[in-house]
Structure formats: C-alpha cells, structure tokens
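A short write-up of the structure that comes next.
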Amino acid sequence: MTETVTRAATSRDVTIARWVATVAGLIGFVLSVATPLLPVVQTTATLQWPQHGQLNNVTSPLISLTPVSMTATVPCAVVRSMPPSGGVVFGTAPSDGKQAALQSLFVNVSAERVDITDRNVVVASVPRAEVESAACQHIDITSTEEGTFATFVGLTKSDGSEQRSGFTDPNLRPQIVGVFTELTGPAPPGLSVSATIDTRFSSKPTPLKLTAMVLAILSTVLALLALWRLDRLDGRRMHRLIPQRWRTFTATDVTVVGGFLIWHVIGANSSDDGYILGMARVAGHAGYMSNYFRWFGSPEDPFGWYYNLLAMMTSVSDASIWIRLPDLVCGILCWLLLSREVLPRLGPAVAASKPALWAAGLVLLAAWMPFNNGLRPEGQIATGALITYVLIERAIISGRLTPAALATLTAAFTLGIQPTGLIAVAALLAGGRPILRILVRRRSLVGTWPLVAPMLAAGTVILAIVFFDQTLATVLEATRIRTDIGPNQEWYTENLRYYYLILPTVDGSLSRRFGFLITALSLLVSMFIMMRRKRIPGVARGPAWRLMGVIFGTIFFLMFTPTKWVHHFGLFAAVGAAMAALATVLVSPAVLRWSRNRMAVLAAVLFLLALCFATTNGWWYVSSFGVPFNNDMPAIGGVTVSTVFFALFAVAALYAMWLHFAARDRGEGRITRALTAAPIPVTAGFMVVVFVGSMLVGAIRQYPTYSNAWANLRAFAGGCGLADDVLVEPDPNDGFLTPLP
C-alpha cells in the first residue's frame, strides 16, 4: 500500500514538473523575446540660456555631442551695447578651448563685423555698422538637420531680399559643451539660446516592461529547476556540486595563481582601457552606456552588460588595481576549470600527466598576459566559453539536459558581452550532436516540450538584460550608427587580423604572437596525430575533437566580426591552454615513440619562437615604459634572439631529417629524450619568465617615476596613478628666449 502511494506521489510530482517546465519555459521565452518590443519612458531635455536672468557661463557637455536642433536669438541692441573692440556674444564652447572653432558655433563681434561661424564655416558675416543701425531688430540662428542659417531681421541685401544666409548641411549642427559668453550682468530682453538635446537613448523601462522582465527571469529559473527535477528520473545520483578534485591545491596551482596575482600588479594593460573606463565613469550621468569616443554617444547595446558591471565598480573606485579585478577573477577561474574539469575530461592520460598540467597553466598565463589584463572583455568571453564547454561535457557524460540548458544560458550571456562571444556558441555547436541524442532519448520519458521549453528560455533570457532600458528600435539605430561610421570590415578581409599579427608593431609584438601561435601549433599537431591514430590509450577522442571544434568554430566566426584587431586572440587563452595540454600528451614519448617525430615537434616549437622574437617586445602605451627592447627586436651581443632560435630550429630540423633515414632505435639518448619530452610547457614557461621579467626591469628602470607596477602599489596608499607623475607647465610662455635684434 505504501509503495503504491509513493509511486502515485512520484507520478504526480513528475506530471507537475513536466507542466512547470513547459509552461514556465514558454512564458520565460515569450516574455524574453517580447522585451525588446515593450515600451520605455524616454527622457526629453532642452538646454536654455541665459539662466536665472544672468549672463553666466553654463557648462553642459552633451553625451550625443550635437543637439537635435538649436535656435538662438540675439537682439541687435546687444551688439550696440558692446565695446568698440567687440567680443563673443555666445559660443557653444569656450573660445580658447581645443579645436573650439572647428567643432562649435560662435557669434563674434569685432570692430568691423558681426560674424556667425559654425564648425569653421562662416554662416553669416555682416558689417557691424549695419547691425547697430536702427533698422536691425534681432539675429535669428537655427541649426537643424535641414541646415544652419542666420537671419538678420530688419536688414536687407543689396537686391532687397532678406539678410539671410547659411548652408543646407545636417552635419553643421555644432558640438555643445555649454554656452559661454564674454557679456556680463543681467540678461538683456530677447537674448536666448535653446537646444533640444538628443535623448533618444535616455530611457527607462515602463512598469509593464519591468514586470515582463522580472517574470521572464523568474520563469526561466523555475523552468530550469523543473528540468533538473525531470533529470533525476534516471535514478542515478547527481554529481557533487564541488567534486573532491576541487579541494586539493598543488604546486602548479601556486605557480599559476601566483602568476596571475603578480601580473595583476605589475602587468601591462590593454589598448582600450582608457575609453572603456571613460564610458563606465560617465554611464551614470548619461543614463545609459554610451560610446561617445567613436559612435557619437550611441549605446553599446545589445553588447555591453559587462561594461555596466564596470560602471557599478567605478562607484567604489576607478583605480586600476580595483577596476581590473574581473579579469583576475576570470583568469583564476579559468585555471580552476582547466585543471579540475577540462583535463580530466580529456582522458586519464591527460589528467595524470604533470607536463600536461604545467602546459595548461603556463600557456594560460602566456596567452592571458598580453590580452586579458585590462578592461577589454576578451578575458570574460574566454571564461564564458570555457564554462560552456565544461557544462556541455557534463551534460554528455551524465546524459542529462540541465547542464546543457545552463550551457545555453552561459553562451547567451557570453555572446551578450561582445560579438566575439560567438566562441561560446561554437562550444555549444561542437557538442550539438551528443546533446541532441540525449534529448531524443529522454523525450520518451517526459515528452519534448518539457525538455525544449527550458532551453528556449535559457537561451533568450539575456534579452531581458540587454534590452532593460532600450527597445529594438533604439538598438537598431545604434547598430546603424556603428555600421555607417565603422569600422565595419567584411568577412573576406579576415586576413588583415593575421597580417597585423606578423607586423613588427605593438599589435604584432612578441607577447601577442605567442598566445595564438602556440594554440595554432598545438591544434594542428593534435589534429594530425589523432587523424593518424584512431585510438590513443588514455585520451578521450570525443572531448578532444569537440575542443578542436571550438577553436575551429571560433576562427570561423571571427571572420564575421566587424573589426579585425589582434586583441581578439585573447579569446583563445583558455581553450588554447587546454589544447596545449592535450598536445603535450600526444607528443610525449608514450605516444610518439619514434624520436624523429618528437624532434620534428621540437623543431616546430623552435621555429615558433624564432617567429615570435622577430618583432619588438612592445606593450601598449604607458605599459611599455622602461621595458627592454620595447621598440626593436630583442638581441644579445648584437645578435637577435630570433636568429638564435632560427639557428636552433635549423639544427633540430636537420637532426630530425637524419633520424628519418637512420635506424628507428637511433636518437633515443638521454639528451634527445630530455629535449623532446615536453617542449610546450618548457617554452610557455620561458615566455612567462620573459614577460614578467620585462615588466620587472621596466619598473626598476622607471623608479621612482611612473610604471604600472609602482602605480598599482601606490594605489593601496591612495595614489592616483599617472596623475602623480605628470608634470604640468604653469606658464608655457615662461622661459622663452629673447629674440636677437
């Protein structure tokens, strides 16, 4: 009787879980998809001057740089009251500001004329005597998308027509950083400036939209919990949330985590840190994450939730040591996932190999250091892709769909950081076929919709985040702006990324070359060996091929990104480290028994080093201060390091060629076996030492002036970074030599 009741209760629980998974999943999916279409409350604003009846300067820099429209009225009586030398009636920037005349509008009165200039274009110029005459009433100025015009009401031209001039150019609308004047005292009657500010992106969700987003998130969580309940029908025990292998700490962990901590303090930053920090600091004042450095204040949406995290962090501090913490956390998390999840999944031979473990850690460090120590999001994307891969593998090994749904959720949020987040989508696609088999197998137990609906909700709930305060229309407008302004390079120009990598510039510097090249070498070597050897003891073929699929898929998806910068190679740091660990096992004497093949691999690694050192040891901007060889190729005694490694490559290649014709038992001496045992971790460790040593030398050379290391250390005592060491000339004219008579 008790067993019958228990079975009935279990059946009822399963039925409830099926309905909850289906209904909650579909509600979450529908509401998430509807979020971009739901209304928002747009903030409108205008700038008025004079204010409070006084002729004071008003500082009001616009996030969108230029207004939607601007009108101004200047009574001719104002011109009559000005001194004979004239002055500035008003301008939309300080007259002595940098490029003020090039960007802004001014009404200038000189001894002879009244000039209205806008962006270095003379909109109108009328003799001052005419403006001061009794016939002149006022000057009307308009600047809209239809053009910029000035009308002197009451004055006529020689042909009797109205004194009006201007240009039908929508790009003449002036940049506004405020309204500035040389006039003083109470505001005269009739003087006014009015600008309608472009606030199309300044919006907040309506109660309807906010309710829909909250319900979408709650429904998705509920659907995932119901899916987890359905997964338990297989009767197997769940994996521990934190397996035993996560609770150990080895010398490799100390080295890798210590390397991340040291680099966080002394390491170089990324090329875009300045403008990303500027965006984060301004976001609270702008009301949204605006990119006013390149795209005229248009929002970063739909890619930009990571920047909002940085914006929240700036409310605590904008010190480099603090604001870069997400990269440090992601780097350490990547290492923990690699050492405790990825390597064991690649097979017992990889999990038990100490060289493979060191290869993963050192390649992760070497690939992370040049790209992912700043504010650029490649580090977060690399972490999201690795989490997606781990969850997919957990789903495959457990035969359950909850990890797959969480992988879909992770991939969606990774893609929401930046278009290069497609690397996480590549991880999903790489495991697509096994996941589909699990879905087909489990649908016979609970049906299709209880399994599919939660995954749909998990994949689309990101829309409730990225469209929180924007609509589909504003995001499409922002996308149009970015596309029109650019850069927006076509997919067939992908070769430019690799071209930049081999140029002897900072983009193609020693550090930036190594991370991607070691990943590519490990990928090609592993693929070649696994294609020739159908079965390798201790290596799991499925996870290994899926890892290769992630890298190949990422290389393919990168073709469709609008920019072709080298810094995107920071995406490969985590998966490249996993591939290096796999390659280390595959080229070990246990797998490659013929010394010829191992020597050929060593020759390839030496050639890679020769190629890496055939450029400068440059780092971005102030990060290169004091670094040796930051502007030329590293050399020892007049001989470049690249030449040394190329000579070693030639020797190794010739020796491998000799072994090809020699007996198979030749080349198995102690020295040869030592040299070919683990070339990848040794090389990666050497590069890490070079990178860290370069920064330490730079800091020592720079002391006590600015370097990243000293600035970060001083931040703990309240230092202000580069501002502590910048020297400002109080009077640039002071100290000029007296001209000869």
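Just so you know, glycine gets a Cβ as well, placed from its N, Cα and C.
TrEMBL labels come from automatic prediction, so no person has curated them.
These come from TrEMBL:
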TRANSMEM  16-38  transmembrane segment
DOMAIN    42-200  domain 'Arabinosyltransferas concanavalin like'
DOMAIN    204-661  domain 'Arabinofuranosyltransferase central'
TRANSMEM  210-228  transmembrane segment
TRANSMEM  249-266  transmembrane segment
TRANSMEM  319-338  transmembrane segment
TRANSMEM  350-369  transmembrane segment
TRANSMEM  404-430  transmembrane segment
TRANSMEM  451-468  transmembrane segment
TRANSMEM  514-531  transmembrane segment
TRANSMEM  543-560  transmembrane segment
TRANSMEM  566-587  transmembrane segment
TRANSMEM  599-622  transmembrane segment
TRANSMEM  634-659  transmembrane segment
DOMAIN    693-740  domain 'Arabinosyltransferase C-terminal'
Discussion item. How about long-range neighbours of the transmembrane segment (319-338): same chain, 6 or more residues beyond its ends, C-beta under 8 Å?
Written reply: 246, 253, 256-257, 260-261, 264-265, 269, 273, 277, 280, 306, 309-310, 313, 360-361, 364, 368, 372-375, 379-380, 382-383, 386-387, 390, 573-574, 577-578, 581, 708, 711-712, 715-716, 721
Item to complete: Please work out whether the transmembrane segment (350-369) lies in contact with the transmembrane segment (249-266), by counting C-beta pairs under 8 angstroms that are 6 or more apart in sequence and asking whether there are at least 3.
Response: yes
Item to complete: Return yes if the transmembrane segment (404-430) and the transmembrane segment (16-38) have at least 3 CB pairs under 8 Å (sequence gap of 6 or more), otherwise no.
Response: no
Item to complete: Compare 16-38, 210-228, 249-266, 566-587, 634-659 by their Cβ pairs under 8 Å to the transmembrane segment (451-468) and return the stretch that comes out on top.
Response: 16-38
Discussion item. For a three-state summary based on DSSP, what are the helix, strand and coil counts in the domain 'Arabinosyltransferase C-terminal' (693-740)?
Written reply: 22 helix, 0 strand, 26 coil
Response to the item:
Near the transmembrane segment (634-659) in space but 6 or more residues beyond its ends, with Cβ under 8 Å, are 510, 594-596, 599-600, 602-603, 606-607, 609-614, 617, 628, 666-667
Worksheet entry | Paired segments the transmembrane segment (514-531) and the transmembrane segment (16-38) in contact, 3+ CB pairs under 8 A | no
Worksheet entry | Average model confidence [pLDDT] within the domain 'Arabinosyltransferase C-terminal' (693-740) | 82
Worksheet item: Quick one: do the transmembrane segment (210-228) and the transmembrane segment (249-266) have at least 3 Cβ pairs under 8 Å, skipping pairs fewer than 6 apart in sequence?
Response: no
Practice prompt. Report, as numbers and ranges, which residues of the same chain sit near the transmembrane segment (543-560): CB under 8 Å and 6 or more residues beyond its ends.
Written response: 342, 345-347, 385, 389, 392-393, 419-420, 422-423, 425-427, 429-431, 491-492, 494, 497, 519, 523, 526-527, 530, 568, 571-572, 575-576, 578-579, 582
Discussion item. Same chain only, please: residues at least 6 beyond the ends of the transmembrane segment (249-266) with a C-beta under 8 Å from a C-beta of the stretch. Say none if there are none.
Written reply: 321, 324, 327-328, 331-332, 335, 339, 354, 357-358, 361-362, 364-365, 368-369, 373, 688, 691-692, 695-696, 699, 708-709, 712-713
